[in-house]
Every structure is written in structure tokens, then in C-alpha cells.
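The block underneath contains the structure these notes are about, expressed in C-alpha cells.
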Amino acid sequence: MLPSELVKYKKKSQKIIALTAWDSISGSLAEHSGADIVLVGDSLAMVCLGYKSTLPVTLENMIYHTNAVSRGFSKEIEEQSLLVCDMPFLTYQCGENKAVEYAGKIIKNTYAKAVKVEGADPEVQNVISRLIRMGIPVMGHLGLTPQSYLNLGFKQQGNNSESHEKIKRDALSLEKLGCFSIVLEHIPELLAKEIQTELEIPTIGIGAGKFCDGQVRVTADLLGLNDKQPPFCRPIIDGKKIFGEKLKEWVAAEKLN
């Protein structure tokens with residue numbers, strides 16, 4: 001799967017599904033599920049590294065985990081899910097040259113075929129434009145941007161007229177810059193619908209309603225492995241309880257042997 005193929009999905013009204021992964025096991029599960037995109041998100045900071053936010057995760061962490069995820073893939077490379085790696089905090093906010101260097105390290109040192117960048121402030125737009133000119137495909141991310149939680153909090157964005165219009169403008173700008181898709185996180189459903197209608201590139205929602213061209217979920221949230229669940233992700237199983245009880249049963253049984 002190449003990034004450019006996702007536009008064809010939108011034209012055919014074919015739903016796009018993305019799952020996150022952080023190691024070879026979760027990568028294998030995500031790929032075998034039939035997900036079109038496997039995202040190595042900086043959410044791994046909380047999912048598997050124990051941090052309280054995405055901010056502490058480093059470029060080295062992202063490269064390490066992206067390589068681990070790719071080793072879980074079993075299909076030929078042209079048949080694999082599209083592997084996308086998040087650019088972590090302060091790898092693209094510190095100037096275009098550094099951003100190109102860091103994104104280049106991701107693409108050169110992993111099997112990722114694209115990077116994801118949060119936000120659309122003028123400086124970020126300059127970085128995105130430069131990366132795309134250098135041949136690095138970019139997925140945008142608007143709405144609730146976790147790397148900006150110190151300013152914005154973990155709350156829904158776009159729910160007043162000013163932020164509503166800003167997110168729409170930013171989405172159009174990212175498309176014009178050449179992003180191949182945009183993640184819309186935790187915004188009102190009708191705003192997501194407006195953006196989906198106006199853009200030619202696909203929108204991939206998380207907590208943005210049913211009108212996006214696709215959906216992305218943190219796999220650990222779907223499997224019920226986290227103590228705290230986001231309000232927009234209902235687990236498909238209570239994984240922490242199920243697996244925890246089974247492990248307790250095994251440990252207790254082994255102690256009796």
C-alpha cells in the first residue's frame with residue numbers, strides 16, 4: 001500500500017481503517033486484521049512506556065518501535081498495510097532543516113512509508129511543505145492534537161465558531177500543501193462532515209463521527225487494555241480483565257503443582 005492509493009479509496013467510497021501498533025505482536029495483529037494503515041503513534045508513550053502523555057517519547061523511541069512493528073508484518077511489502085510513523089514532539093517544531101533531518105531518519109531507518117505531523121500553524125505548514133517537496137509523504141492531524149495538550153487540554157476542539165472555521169481552513173491548507181490524508185481527532189461530527197465533503201483527500205476520524213472517509217483507533221483502547229478509555233472509543237472486549245484473570249488462574253494452578 002502506498003499513500004497515494006488512499007485517494008482512490010475515497011473516490012470509490014471505500015472505507016479506510018487504521019490501527020495503531022507498537023511492537024511486532026501488535027503489528028502482526030493489526031496487519032492480519034486487514035487494516036489499511038498501521039500507525040506507530042506517539043501514543044505508545046502511554047500504551048507501552050508508562051508515560052502520562054505523548055510528550056516524553058523520543059525520535060529514537062519511534063524508530064525503535066516502528067522497526068519492531070514492521071518485523072511483525074508477514075506479507076510482501078507491496079501487499080502490506082501502509083506503515084505510518086508519528087513525528088514526536090519537538091522533532092518538527094524546531095525548524096525546517098531539523099524536521100527534514102528527523103523525518104529522513106524515520107524513512108531511511110524504518111519501513112515506514114509516511115510520517116504524521118500534528119497541527120497546521122504557519123511554521124508547521126512550512127515544515128510539511130518542505131517534507132513533501134523532499135519526497136516524504138505526510139499525513140496531517142487536526143482537532144485534538146495530543147502534543148499540544150498543555151495549551152488545549154484533552155477536550156473536544158472545533159465546538160465554537162472561531163475554532164470551527166480554523167480547523168476547516170487548516171484542513172484545506174494541508175490538502176493544498178500535498179498531505180495525502182488528514183486525521184481528525186475529537187471534533188464535532190458535523191464539522192468532520194463539512195471537511196470530508198470539501199476535501200479530495202481522505203479524512204480519518206477518531207472521535208469525529210461517522211462521516212469521515214475512515215476511522216483510526218488505538219489498538220490497546222479497542223482491546224480494553226488501558227485503565228482509562230477515551231470517551232470516543234468503546235472497547236470491543238475487556239482485555240485487561242480477561243487476560244489478567246487468565247494469568248492469575250495459570251499462576252495459581254502452577255503454584256499447586
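Each residue, glycine too, has its Cβ placed from N, Cα and C.
Among the candidates K10, K11, K12, K116, the residue that Swiss-Prot names alongside D42, S43, D86 for the 3-methyl-2-oxobutanoate site is K116. The separation of K116 (3-methyl-2-oxobutanoate binding site) from D86 (Mg(2+) binding site), Cα to Cα, is 5 Å. The 3-methyl-2-oxobutanoate-binding residues named in the record, D42, S43, D86, K116, extend over a maximum Cα to Cα distance of 12 Å.
Same-chain residues at least 6 positions away in sequence with a Cβ under 8 Å from that of D42 (Mg(2+) binding site) are, in sequence order, T54, V57, M62, D86, P88, F89, P146, Q147.
The Cβ neighbour count for E118 (Mg(2+) binding site), using a 10 Å radius over every protein chain in view, is 25. In sequence order, T20, T54, P146, V218 constitute the residues six or more apart from S43 (3-methyl-2-oxobutanoate binding site) in its chain with CB-CB distances below 8 Å. Surrounding the centroid of the Cβ atoms of D42, D86, E118, where the record places Mg(2+), the chain contributes additional residues within 8 Å, namely G41, S43, T54, M87, P88, F89, K116, V117, H141, P146, Q147.
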